[in-house]
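Some features that Swiss-Prot has for this protein:
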type	residues	note
MOD_RES	1	N-acetylmethionine
MOD_RES	6	deamidated glutamine
MOD_RES	45	phosphoserine
MOD_RES	50	deamidated glutamine
DOMAIN	52-162	domain 'sHSP'
MOD_RES	70	N6-acetyllysine
MOD_RES	90	deamidated glutamine
MOD_RES	99	N6-acetyllysine
BINDING	100, 102	Zn(2+) 1 binding site
MOD_RES	101	deamidated asparagine
BINDING	107	Zn(2+) 2 binding site
MOD_RES	122	phosphoserine
MOD_RES	123	deamidated asparagine
REGION	145-173	region 'Disordered'
MOD_RES	147	deamidated glutamine
COMPBIAS	153-167	compositional bias 'Basic and acidic residues'
BINDING	154	Zn(2+) 3 binding site
CARBOHYD	162	O-linked glycosylation site
């Protein structure tokens, strides 16, 4: 008995009456031309999502660097002002929270909120932590590391966010 193996491209019926991916799990991402034309979207594999890379880039990508003498977090928060951001250290974690109320943009009204939590290395001097926001929207949280025999000072405290007028020197990933 011969069994025909079909490529995923041919598993979806073609036609204007077949439901497209308009109501799938990517509901909040917005619509693209291939979402509105079911014939075009079904000629591409149904498991292929063209906008995933764009979504990752727009989601506030962060970079953590921990070298021998310094710990640094770079976080893209270009849609937030320093007043919208709260940075605090609690025990061995830094928590960064951003929230802004409804604002008008090119497509209507939008509100945003995020919460990030990072574990601090045990040898970071928590009394010398700093946080700044560059003109291009890059939040930089940094702290020096201490020698392993010294106390790093673990307690809860808020870190003020200062604004810089120059763009960030963090490399884009």
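Cβ atoms are placed via backbone N, Cα and C, with glycine included.
Regional average pLDDT for the domain 'sHSP' (52-162) in the model is 84. DSSP labels the residues of the domain 'sHSP' (52-162) in these numbers: 12 helix, 60 strand, 39 coil. The CA atom of residue 99 (N6-acetyllysine) is located 17 Å away from the CA atom of residue 162 (O-linked glycosylation site). Here the candidates are the binding-site residues 100, 102, 107. The one whose C-alpha lies nearest to that of residue 147 (deamidated glutamine) is 100. Here the Cα atom of residue 101 (deamidated asparagine) is found 37 Å from that of residue 123 (deamidated asparagine).
Here the candidates are the binding-site residues 100, 102, 107. The one whose C-alpha lies nearest to that of residue 122 (phosphoserine) is 100. Neighbour density around each Cβ, counted as other Cβ atoms within 10 Å, peaks among the modified residues 101, 122, 123, 147 at 123. Comparing the recorded positions 90, 162 on other C-beta atoms within 10 angstroms of each C-beta gives the minimum for 162. In space, 70 is the closest of the recorded positions 70, 90, 102, 107, 162 to residue 123 (deamidated asparagine), judged by Cα positions.
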